[in-house]
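In what follows, a single structure is set out as structure tokens and then discussed.
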Amino acid sequence: MNKGHGQNGLATMRCAVLMCLLVLVAPEPPTYPLARGIHCFKCPRGNYVDTDCTEDHTNSSCKTCPTHHYSADWNSLKHCLPCKSQCPKNSKQEQNCSATTNRECKCFDGFHRHPLDQYDPQWKCRPHSVCGKGQGEVSYGNHEHNTKCEICPEKQFVNKTDPVHPVCQDCTVCEPGSYEIRSCSPGSDRECANDTTYSAGDTTVPTVATKSQSLNGGAVAAIAVGVSGLLIIIVLLVWFIRKKRRENTPENDSEKGGAGDTNQKANGEGITANGSNRRSSTGNGVQTMEGVQLEEVPLLGSASSEWDEDFIIRTVFPYLADNLGEGWKFYILQLPGWPVDIKPQTVIEHKLEENRLVKDRIYECLMEWKKVCMQGFFTKASILKTLKEVKRNDLREELEKMVTSE
């Protein structure tokens, strides 16, 4: 009886020791720095940072991502990332949007993903390429990759019996006693004919000659149609040029002169008597022309709602890195404030040499711009105005929603 109690106690002690070891070796969550010099633990996937920690190496206050938003890894985001709104054309949904996963889509058969980068939010499903004349398929297309075609090598041609998946195969070799009437090329097989002998009085024409005559007749007809079409185009072009010259004669110009001057004044072009445009600008970024004020439309919010540096680095930059897509290089190039001695193209090329994900390259380019840009350009206005210039108003609107929800 005592022996049984001793074994139970030993087992309990072993479990306690094992639990202690697990606690000791369990890795800590990753951290993120704050401006005041302390480090907070990041929030787990499916959550975002609601309130930063107040002491070094302690937990931040985390909240679950709202509907249609997600975070897929440990993060210090102030807002969860929005899920892809819907699958692109010619695709189907493979994974639903959840607090921890973005919506995933798969292209239909006969289409492939472009670009292949899984983090590019602007990808589309494109139809597989069709191999051109003299080309055979090296690999069939699938959901991820396009069909790969190559011109058939020497002594091979495309087998036209399968127009959907053409393949290269060896050209025919003329048998002894026959001769070649058409050479082998990537687009057609070699053709051979047997020797034909006949007497002087024989009126039978060899098969080869009949084929040749038929082909020549078709070629002549095609040339005749092409020449006729070219002549018609030349005649129409000459008629159009002469018509334009008649319209531009001095008589026609004098008839239109009075009306043209009146229209020019009515259009409000801002042209003064000496032929120059009268424009001025106020200190508030408002342009005037002929005494009329033209106020610029505000981008988002007002000067009083300027973003602080911490918000831009931890929320705006990660959002742009996840959503700029194929046009990210153009956006980096258009950002204002790059010093004269630092070319943004060089920064981009340097990041492309590194084996990194696209979103990481974008984020590092944005941080490089923040680091070197001239005073007064690292602002909310610069970021939003550049989005407008590159036609990404959808991202401007999403950032506006983030600011409104603050």
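Note: Cβ is positioned from N, Cα and C throughout, glycine not excepted.
Summarising the annotation, TrEMBL assigns compositional bias 'Basic and acidic residues' to 247-258. TrEMBL lists 273-286 with the feature compositional bias 'Polar residues'. According to TrEMBL, the feature disulfide bond maps to Cys65-Cys80, Cys87-Cys105, Cys171-Cys184, Cys174-Cys192. Sequence annotations record features per position, and here TrEMBL assigns domain 'TNFR-Cys' to 64-105, 151-192. Annotation source TrEMBL lists region 'Disordered' at 247-286. The repeat 'TNFR-Cys' feature in TrEMBL is assigned to 64-105, 151-192. The signal peptide feature in TrEMBL is assigned to 1-27. Per TrEMBL, the feature transmembrane segment maps to 219-241.
A C-beta separation below 8 Å, combined with a sequence spacing of at least six in one chain, links Cys105 (disulfide bond) to Lys84, Cys87, Pro88, Ser91, Lys92, Gln93, Glu94. DSSP gives Cys87 (disulfide bond) a coil state; it is part of no helix or strand. Secondary structure of the domain 'TNFR-Cys' (151-192), assigned with DSSP and counted as helix (H, G, I), strand (E, B) and coil, comes to 0 helix, 18 strand, 24 coil.
Counting only same-chain residues 6+ beyond the ends of the domain 'TNFR-Cys' (64-105), those with a CB under 8 A from a CB of the stretch are 29-30, 32, 40, 42-49, 111, 121, 123-125, 127, 311, 314-315, 318-319, 322, 398, 402, 405. Looking only at the disulfide-bonded residues Cys65, Cys192, the densest Cβ neighbourhood within 10 Å occurs at Cys65. Look at Cys105 (disulfide bond): DSSP puts it in a strand.
Cβ neighbour count for Cys171 (disulfide bond) (all protein chains, 10 Å cutoff from its Cβ): 18.
In the shown protein chains, 19 other C-beta atoms lie within 10 A of the C-beta of Cys184 (disulfide bond).
Non-local contacts of Cys174 (disulfide bond) by the CB criterion (under 8 A, 6+ apart in sequence, same chain) comprise Glu180, Arg190, Cys192. Cα of Cys171 (disulfide bond) to Cα of Cys80 (disulfide bond): a span of 61 Å.
Secondary structure at Cys80 (disulfide bond), taken from DSSP and collapsed to helix, strand or coil, is coil.
Residue with the densest Cβ environment among the disulfide-bonded residues Cys80, Cys87: Cys80, by other Cβ atoms within 10 Å. Cys184 (disulfide bond) sits 65 Å from Cys65 (disulfide bond), counting Cα to Cα. If you take every residue in the repeat 'TNFR-Cys' (64-105) and average the pLDDT, you get 92.
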